[in-house]
Amino acid sequence: MKLLHASLCLISLLLILPSIFAASSSEDFDFFYFVQQWPGSYCDTQRSCCFPTSGKPAADFGIHGLWPNYKDGTYPSNCDNTKPFDSSSISDLISSMQKSWPTLACPSGSGETFWEHEWEKHGTCSESVIDQHEYFQTALNLKQKADLLGALTKAGINPDGKSYSIESIRDSIKESTGFTPWIQCNTDESGNSQLYQVYLCVDRSGSGLIECPVFPRGKCGDEINFPSF
């Protein structure tokens, strides 16, 4: 009888362990990276791009993702496979996401594959703080707070294919947002360095920008291109 009781206890423990691990991993992070990308730089590479089925996006920075991170520079990922992406849970956000979070991957798509990837890889790791709807809503709210194109054009930095100093780009975004961004570059078909993505850091609740505890690795040149789109 004792052996049966012990076996039943072991089986029960094995059944609940996955949910315990999922819950603990989903709440174990220090801050978010909020990442926006310039579509002109995404498309101006050897791999090129495809516009979404909803049409060519506006010439503006688009959301790439909202990524939980640790202060040591590492990050959690794919934290809960029991909470898959559910487009019906964000049906009221779809039109805003098509504008602010468009896909540029080939072949052309609606954006749902992109959003699904972002939720399942990154969003599930923030479930202790925000649910699926709140995750996407939070990213949309942050984009409104961080108008990168407005900050750059106000400083005379325009997407015109010209080169600008990385310092002036960084300073203009900091002037607008109040916080220091991290700039990621890629290269165009000719091998020129260009403004690709801008990282800003967000507190653990997702409610406000903060100074980054740590920046990703990588480096841009002193002068980088800002291509048109």
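The backbone N, Cα and C atoms fix where each Cβ goes, and this holds for glycine too.
Taken from TrEMBL, the feature signal peptide covers 1-22.
Taking the Cβ of His64 (active site) as centre and 10 Å as the limit, one finds 21 other Cβ atoms among all the protein chains shown. The annotation active site is assigned in TrEMBL to His64 (among others).
There are 21 other Cβ atoms within 10 Å of the Cβ belonging to Glu118 (active site). Per TrEMBL, the feature active site maps to Glu118 (among others).
Taking a C-beta cut-off of under 8 angstroms and a sequence separation of 6 or more, His122 (active site) has the following same-chain neighbours: Gly65, Leu66, Trp67, Pro68, Ser77. The active site annotation in TrEMBL covers His122 (among others).
Rounded to a whole number, the distance between the Cα atoms of Glu118 (active site) and His64 (active site) is 8 Å.
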